[in-house]
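Participant: One structure coming up, written as structure tokens, with questions to follow.
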Amino acid sequence: MAVPLAFFGVFFAYPVTAIVGRGLKTDAGWQLGRIGEVLAEPGIAGVLWFTVWQALASTVLTLLVALPAAYVFARLDFPGKQVLRAVVTIPFVLPTVVVGTAFLALVGRGGLTEELWGVRLDTTVWAILLAHVFFNYAVVVRTVGGLWAQLDPRQEEAARVLGAGRLAAWRQVTLPALAPAVAAAAVMVFLFTFTSFGVVQILGGPAYATLEVEVYRQTAQLLDLSTAAVLTLVQFAAVAGILAVHAWTVRRRERALRLVDPALTAHRPRGAGQRLLLGGVLLTVALLIVLPLGVLVERSFDTPGGHGTGYYEALAQAGSGGGTFLVPPLEAVGNSLEYALAATGIALLVGGLAAAALTRRAGPFVRGFDALLMLPLGVSAVTVGFGFLITLDEPPLDLRTSWILVPLAQALVGVPFVVRTMLPVLRAVDERLREAAAVLGASPLRAWREVDLPLVRRALLVAAGFAFAVSLGEFGATVFIARADRPTLPVAVARLLGRAGDLNYGQAMALSTVLMLVCAAALLVLERLRPDKTSGEF
Amino acid sequence: MSTTTRRLAATALATALGTAALSACGGGSGDGSAAEDSGKPAQKTVTLVSHDSFAVTDAVIKEFEQQSGYTVQVLKSGDAGTALNQEILTKGSPRGDVFFGVDNTLLSRALDNGIFTAYEAKGLDTVKPEFVLDAQHRVTPVDSGDICVNYDKAYFADKGIAPPQTLDDLAKPEYKDLLVVENAATSSPGLGFLLATVGKYGEEGWKDYWAKLKANGVEVVDGWEQAYNERFSGSAGGRKAKGDRPLVVSYASSPPVEVLYAEPQPAEAPTGVATGTCFRQTEFAGLLKGAKNEAGGKALIDFMIGKKFQEDMPLKMFVNPVVKDAQLPELFTKHGAVVEKPETVAPDTIAKNREQWVKTWTSLVVK
């Protein structure tokens, strides 16, 4: 517990407190009056209202669209299922700077919706909502679908044998078992959309702003730290509230469920209804996810002289003369992989220890700690980044110009995923095994190695995969701290998009495609390593 | 937080971090970059902090390193505003020795916060005097560029109408629904264009002008990337994205960039510049207060206004040199626009009114 606590204390709580303190504390003491002042500003109420309702709407819409898919992925067998499950997860780990561009091609000017129905959704709230569905689809499919696949269908069958109708059996048996997972997924989606930044900036146009966008604007552009601090606190309070709900749903879910091997519950689609459902889900995935990603790939090959690999060749050559990158863009792939590996190492260490600590102990303090580990997902990257700047500035912690800062920041986002994935599995380990090992004279470390490790090895790999993928796509914090000579993939893409010219734009698309492939490869490996019986929430 | 508490916190963490770093290196990802950080004595490295658009040819930097004996390290962090704000936050304990990238729209914020040490660069006499905006030499002008409306040549040729030339033109009916601009609150070209209208129509008159632009169908998007790569029909990205706006706020140097980064390079740039719509931006470098390597920082600033660096900038950062005798590359003279009378607003006036102007603009145009 000491290591995760120290990690979060120094790399999260301390920087964030310091930057909020800088905004609210003057020589005359704390300026708590600013809270009332800022909240009373006319624009702020609008921002708050928009933040809340778009998150609610996004969450409902995501559930509506993704729940049928959760069922299909859980209970139906069809060719290409594994690949498709990896594909729907790609948006979740791609940087918004890339996806926003692709998504515009679907609902923006000249996009599919305009061609078919003359409807253009860019700069409307619909574009934001649809993009949120696009990004969070996988959260529902994986969280709900993961559990659904492990629910024993025989329980529902038993209810029917006892005379319950089909609907009644589902409502009384499956739904209650599923409800906590649905609630947890909803909370996650709400959290991600509540703190939405890139999607709202790129697709919403300047008329829409969430709290997160406003914090960024006040901090990075206006340097109005006191307003930013108040908004950070408001967001903090909201996120803490969401996490409290989350902790509650998690606890409720921890009642015993009879879980079975997912391979036994899935079957080939039977009957017209199931085939129709499968078709509908496949069509949704094709339109909503594959199509925007496809546009990205298509543009990366769309050179002036017809379709070809020109941009990819340019990527391999560019930078030999120095300039924007100081390294060839393809070296950014190497940088990204190295950073992501380091971040994964840190996230596994910190998250693994935290999960282990959470398994052994119980009580309100531990539950609070559980929620605390999720907080970095809800705090603005600019707050953390600026906090790093003003706190990690003295030896032995003058890390501001060190390469380690990037993986540290990425690990902050990775740890919650590690904890969420490992915790259910670790909790399922029979305590008596550990006790037996202890009785036989094993040290705690040895007991962990001999008992826990073999059981959680696969969950550990899944967690590693997620931490890795999330680190790979992390942009917000990285952009502030990446060293010029070692840009990551998303940073390199953003730099290319920041310049005029065909080659720059084409290379940005090509590099995005490379990022997508790296993500997809990581996720496919992950699919192969999926534990048979119990898997985490993701 | 006091230094003692800070030390305590730091020591408490040392163990944790040590383990983390070890595991990271064990993963094969340490890759010698740590050695790069500590391998050389600090005073031999000179660190330049800048924004994401900073770029220089390797050979030019190498030449400086050979001449001076220093190794150059570059830190880039976000856009111009973000990078400057980070320097203000780390005032007194800067991450580097020289900061490059504060422009005349943000100059007063930098000077008022006192992040720079005055230094009169060697060779400052070669810089055109109109760019030297700080008499105390806390900052040294390095480059200048113009934010201007760009137009899609093909569009106006097809329609048989002349492209607009001036700000007045943009409000005329024949250019209705054609212009896309950036949000002045979040984008530096967006702010530059707002300031161009302030420069032209005065501190009150600009509001009427924007009311006319709004009535004429001006569209606002958040950043340059969206405006230029998505909406503008004349850019390479915009053509692919089926951009439908033939007028966009960009830079006077954008047409040469469209030529440079095309394969094969066209004989003529696909876009042109409305030279009567421009705001002149000047970028400065300054020696950071508390710099660990002051001598190196001074040498670097001297080098930045030297001919070699000045003549390298146009094709790397797409800006104009500020020294008298620097030659522009042919690409610039052939495809770039010469802006005779750019609009300007004094840095003090900008500093005093920026927030209010942007707020008023937002309520006038965006909401």
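Every residue, even glycine, has its Cβ placed from backbone N, Cα and C.
Note that the structure is a prediction, hence the values are computed from the model and not measured.
Annotations per TrEMBL:
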DOMAIN    A:48-244  domain 'ABC transmembrane type-1'
TRANSMEM  A:52-74  transmembrane segment
TRANSMEM  A:86-106  transmembrane segment
TRANSMEM  A:126-145  transmembrane segment
TRANSMEM  A:181-205  transmembrane segment
TRANSMEM  A:225-248  transmembrane segment
TRANSMEM  A:276-297  transmembrane segment
DOMAIN    A:333-526  domain 'ABC transmembrane type-1'
TRANSMEM  A:339-359  transmembrane segment
TRANSMEM  A:371-392  transmembrane segment
TRANSMEM  A:404-423  transmembrane segment
TRANSMEM  A:459-484  transmembrane segment
TRANSMEM  A:504-526  transmembrane segment
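Describe the structural context of each listed feature in the structure shown, including burial, neighbouring residues and relevant distances.
Facilitator: Same-chain residues lying 6 or more positions outside the transmembrane segment (A:52-74) and placing a CB less than 8 Å from one of its CB atoms are 81, 84-85, 88, 125, 128-130, 132-133, 136-137, 139-141, 144-146, 148-149, 182, 185-186, 189-190, 193-194, 196, 200, 208, 210, 262, 265-266, 277-278, 280-281, 284-285, 288.
If you look at the transmembrane segment (A:86-106), the same-chain residues 6 or more away from its ends with a CB under 8 A from one of its CBs are 69, 112-113, 122, 127, 130-131, 134-139, 141-142, 197-199, 201-203, 285, 287, 289-293, 295-296, 299, 469-470, 472-475, 490, 493-494, 497, 512, 515-516, 519-520, 523-524, 526-527.
Below 8 angstroms of C-beta separation, residues 16, 19-24, 31, 34-35, 38-39, 44, 48, 183-184, 187-188, 190-191, 194-195, 211-212, 214-215, 218-219, 367, 370-371, 374-375, 378-380, 383 of the same chain, each at least six residues beyond the ends of the transmembrane segment (A:225-248), sit close to that stretch.
Proximity of distant same-chain residues to the transmembrane segment (A:276-297), defined by a Cβ-Cβ separation under 8 Å and at least 6 residues beyond the stretch ends, is recorded for 65, 68-69, 71-72, 76, 78, 84, 87-88, 90-91, 98-99, 101-103, 105-106, 112, 130, 133-134, 137, 269, 509, 512-513, 516.
A Cβ distance under 8 Å defines the sequence-distant neighbours of the transmembrane segment (A:504-526), meaning residues of its chain 6+ beyond its ends; these are 82-83, 86-87, 89-90, 93-95, 98, 101-102, 293, 296-297, 299-300, 302-303, 310-312, 314-315, 318, 329-330, 332-333, 336-337, 461-462, 465-466, 468-469, 472-473, 489-490, 492-493, 496-497.
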Participant: Do the transmembrane segment (A:181-205) and the transmembrane segment (A:339-359) share at least 3 Cβ pairs closer than 8 Å, excluding pairs fewer than 6 residues apart in sequence?
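Facilitator: The answer is no, given that the two segments have fewer than 3 Cβ pairs within the 8 Å cut-off.
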Participant: So what's near the transmembrane segment (A:404-423) in sequence-distant terms, Cβ-Cβ under 8 Å and 6+ beyond its ends?
Facilitator: 4, 7, 11-12, 339-340, 342-348, 350-352, 354-355, 358-359, 370, 373-374, 376-377, 381, 384-385, 388, 392, 456, 459-460, 462-464, 466-468, 470-471, 474, 477-478, 481-483, 488, 535-538
Participant: Residue list, the transmembrane segment (A:126-145) vs rest of chain: Cβ under 8 Å, 6 or more residues beyond ends.
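Facilitator: Sequence-distant neighbours of the transmembrane segment (A:126-145): 54, 57-58, 61-63, 65-67, 69-71, 73-74, 85, 88-89, 91-92, 96, 99-100, 103-104, 107-108, 178, 181-182, 184-185, 188-189, 192-193, 196, 199-200, 203-204, 208, 288-289, 292, 537-538.
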